[in-house]
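The [4Fe-4S] cluster binding site feature in TrEMBL is assigned to Cys248, Cys315. As annotated by TrEMBL, domain 'Dihydroxy-acid/6-phosphogluconate dehydratase N-terminal' applies to 159-474. The domain 'Dihydroxy-acid/6-phosphogluconate dehydratase C-terminal' annotation in TrEMBL covers 500-692. Annotated region 'Disordered' per TrEMBL: 1-20, in sequence order.
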Amino acid sequence: MSPPRGALVPAMVRHSPPLGQGEVATSMTRAAHRTQSVPVSAWPGSPWRNIREPRQSHMQTPHADGHVVDRDGIPMMPRNFDYADSALQETSMPRHPVLDAVTARIVARSAPTRQAYLQRTRAMAGQKVERANLSCTNLAHGVAAMPDDAKIRLKAQERPNLAIVSAYNEMLSAHQPLNAFPQWIKEAALEAGGTAQFAGGTPAMCDGVTQGQDGMDLSLFSRDVIAMATAVALSHQMFDGVLCLGVCDKIVPGLVMGALSFGHLPAVFVPGGPMTTGMGNEEKAHIRQLYAEGKIGREELLEAETRSYHGPGTCTFYGTANSNQMLMEIMGLHLPGTAFINPNTPLREALTRESARQALRLVHGGTRYMPIAEVLDERAFVNGIVGLLATGGSTNHTLHLIAMARVAGILLTWDDFDELSAAVPLLARVYPNGKADVNQFQAAGGLPVVIRGLLSLGLLHDDVNTIAGTGLADYTREPVLRDGKLSWIDGPVKSLDDTIVRTADSPFAPDGGIKLLDGKLGRCVIKTSAVKPEHQVVEAPAIVFHRQDDLLAAFKRGELERDFVAVLPWQGPSACGMPELHKLTPTLTLLQDRGFHVALVTDGRMSGASGKVPAAIHVCPEAHSGGEIGKVRTGDIVRVDAPAGVLTVRVDEAEWASRPMDTPDLTRNRHGVGRDLFGGFRAHVSTAEAGACSLFAEEH
């Protein structure tokens, strides 16, 4: 029986399935486990005492008379038991059969690897408090540089200590605001009775700087470096939880992977937010096309670019960085409503400080122990895929989600994305899928409208753990500052601008816009949410290029004024690190706007900002691994058919079987700008469909 409203009850944690029992769970048994509350004592106990932070929910709503109340109008008490969100209760639907079918298939496929991961995690949790395992010399080194008040607490080993892992640098506008965050976090932790230490920094690469340059060959591999750097930071075994500071493309996936390798620790992700709106994305794209045509010069282009990218924060289009922020919300690793709050605002600072306090609540002995291993289960990853599809997010996450899940022992495939895409409606149009930027998306209702709509359709698992509690109702709410105090209010039920975001009953499209293509040239993905229906089928002669610059040179020579499919093999992960080919977007878009039928086929990647031109990307197997894409010759008829899910080449079977690979000299891909150091990554990287990851030797 549920405790009465307002009763103080012991902190509870839910397990999926109970760790260490060796059970191979089916979807039904896993669901059954989720209905049972397991005391924190099921995990090893905690020595933490006298935490000054009061036992209360962080989801606070200002009442009309100024008092803090919960969403039902009852004075705030600990959120250690479930209660329904009334607005969602009225519109909730049974789970969609496709959601259940895909999830059940993932659970069954992942059972051995997931169980092994959970057993390892339980073994780590079964150890004593991390610092208690250190010798006096070890501990003295760990606290030597700390302020006296923090040093006293750390030496006493009676207060929780949080790790700060940050991807701060000044190359990324999105990461520049992170400079101030560690101090805010340390102050908030001390005020709440704990401590926090800057455990380590990770690299953070700006694809905007390296786009079209040789340095882009390191971009995807940097995700795995970030994962390893995060693990190195946490390996000091000084910590009871971690706050991960990062925003951009490979950084958030890498931080997730590193945090999951310490799955017994709670992890809270802390973003910096988008820059304020500058030049509109469509105007910027038009100016880039004018430059490609030679109608304006470099000076005019640079002026436009600096008006677009003009200050601290993420780029305002809905690319991989902002897709990351959506994922961290819908998968439950952010405080609700944190994703799209601009940097350098009082609300952003308040959310950062509250993130530290919430991390303390989640450690052993806090009000609700919740390690990241219990947040990111199969259902959380399915929710992430659904959110990606419903918002028209970046195709890069057909790699990153797979790699992140693999660390947690969960095996995702492109078939999972494809099957969900057929059932998930498109609820947002943010550039490149529309005209709006993420600030306008936020103002129009943003993620609360999207999440509420998906829940109403039964297209999200609502029986999940998050850092905010149980279920996704909290993520339909928005943070506000009232008289300097942080609280949460209900987000919009209806869209405030239905050209940007829509409710479930009037989607922009019935499907999610990322599709799987299969055929003679292999398997790949294509993003259709930004491609007009008349451009989703292209059958034309191939023109094969081995470098982006070769295509651009052909355009300048006037050789591309015709229908064609640009085929760029030898861009895959083992060939050269799988660079993004976004440099081609203005030229291909210009040709399409001139009335030509054009498409791109490659074993490389495209930027999350790419959109209008049909691009069959991540082709597997890649040419360097013997994939059929390496046999294509200029003049072959290639068909890209997104509605039918087909990627093929029309060449006589006997001729095709006897045709050798067209192998270029790849020497220049392996030297310069640091590429010499990444030979081991290229040699051991998995296929794109396995996440293009170099960390799992058993997959090679």
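Backbone N, Cα and C define each Cβ position, glycine as well.
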Integer mean pLDDT for the domain 'Dihydroxy-acid/6-phosphogluconate dehydratase N-terminal' (159-474): 94
Nonlocal neighbours by CB distance (under 8 Å) for Cys248 ([4Fe-4S] cluster binding site), same chain, sequence gap 6 or more: Ala167, Leu172, Ala174, His175, Ala204, Met205, Cys206, Asp207, Thr314, Thr320, Ala321, Asn324
Spatial neighbours, same chain, of Cys315 ([4Fe-4S] cluster binding site) - Cβ under 8 Å, 6+ residues apart: Ser173, Ala174, Gly208, Pro274, Met275, Tyr309, Ala321, Asn322, Ala609
